[in-house]
């Protein structure tokens with residue numbers, strides 16, 4: 001991590017000229033997936049997925065600012081907006097993912113199989129997500145003030161926020177896996193079992209879990225990348241080369257959003273959760 005004694009002359013908003021082509025490509029990609037998510041939410045009334053859409057909007061605004069930064073690399077407001085919004089978007093994706101697991105467990109009538117009491121399941125992870133969100137927001141805001149000392153402080157706060165996100169996300173994946181194994185071994189699951197080769201066509205509760213695993217893994221990889229990036233400091237190889245941010249953040253987050261376009265949770269969960277309603281829901285694959 002950069003030293004507090006780092007000279008002001010060594011501190012730079014960007015150590016490259018932001019690529020306008022890359023920013024435009026991801027602006028278009030995030031716009032397409034976000035607009036489709038808005039359509040899916042409105043059509044299915046799955047308002048619990050709203051935070052996911054807000055995350056998409058954050059990405060859109062972030063890449064608009066990166067386009068602007070191409071011709072104005074000294075603008076602190078432009079740097080601040082794109083840094084903070086692109087940094088925070090995955091925390092909003094995570095909030096929706098946490099809510100989906102809780103609703104799935106309730107819809108299956110399998111609260112007794114959850115490793116954490118269902119009353120606290122979503123609350124615990126969302127609270128952790130909020131703490132991580134605020135930590136990253138504060139860190140991004142501090143870093144954008146333009147001084148070397150603030151840069152160091154902002155890096156520490158941001159890394160702490162990312163670490164919190166990693167811890168809660170890792171625990172979430174473990175909780176999801178434990179519930180998955182418990183429910184799969186239960187008698188209730190037998191009536192809803194779908195052959196693996198049919199799972200893409202006939203979506204059911206297990207499809208939702210596999211989608212959660214995939215999206216969670218992408219966000220986890222991205223968070224590890226960001227943590228290492230900020231820990232290496234402003235002059236580190238990751239912050240000095242734009243390609244890494246597009247490979248390990250932009251690309252992964254677009255894929256995470258696109259996965260939920262293809263396998264939207266409302267296909268199985270609908271808009272309202274009714275206890276035990278997941279039995280036979282694999283027949284609703286054509287609704288969204």
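A Cβ is built for glycine as well, from the same backbone N, Cα and C atoms used for every other residue.
Pulled from TrEMBL, these are the features on record:
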type	residues	note
TRANSMEM	20-39	transmembrane segment
TRANSMEM	46-69	transmembrane segment
TRANSMEM	81-101	transmembrane segment
TRANSMEM	121-144	transmembrane segment
TRANSMEM	156-179	transmembrane segment
TRANSMEM	207-228	transmembrane segment
TRANSMEM	243-263	transmembrane segment
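For the transmembrane segment (156-179), the residues of the chain that approach it from at least six positions outside its boundaries are 1, 87, 90-91, 94, 97-98, 101, 105, 110, 113-116, 121, 125, 128-129, 131-140, 142-143, 209, 212-213, 216-217, 219-220, 223-224, 226-227, 230-231, judged by C-beta separation under 8 angstroms. Cβ atoms under 8 Å from those of the transmembrane segment (46-69) belong to residues 14, 18, 20, 23-24, 26-27, 30-31, 33-34, 37-38, 40, 75, 78-79, 81-82, 85-86, 88-93, 95-96, 99-100, 103, 250, 253-254, 257, 260, 264-266, 269-271 of the same chain, restricted to positions at least 6 beyond its ends.
Through the fold, the transmembrane segment (81-101) approaches residues 48-52, 54-56, 58-59, 61-63, 65-66, 69, 121-122, 125-126, 129, 132-133, 136-137, 140-141, 143-144, 158, 165, 168-169, 172, 175-176, 179, 208, 212, 215-216, 219, 222-223, 226, 249-250, 253, 256-257, 265, 269 of its own chain, all at least 6 residues removed from its boundaries and within a Cβ separation under 8 Å.
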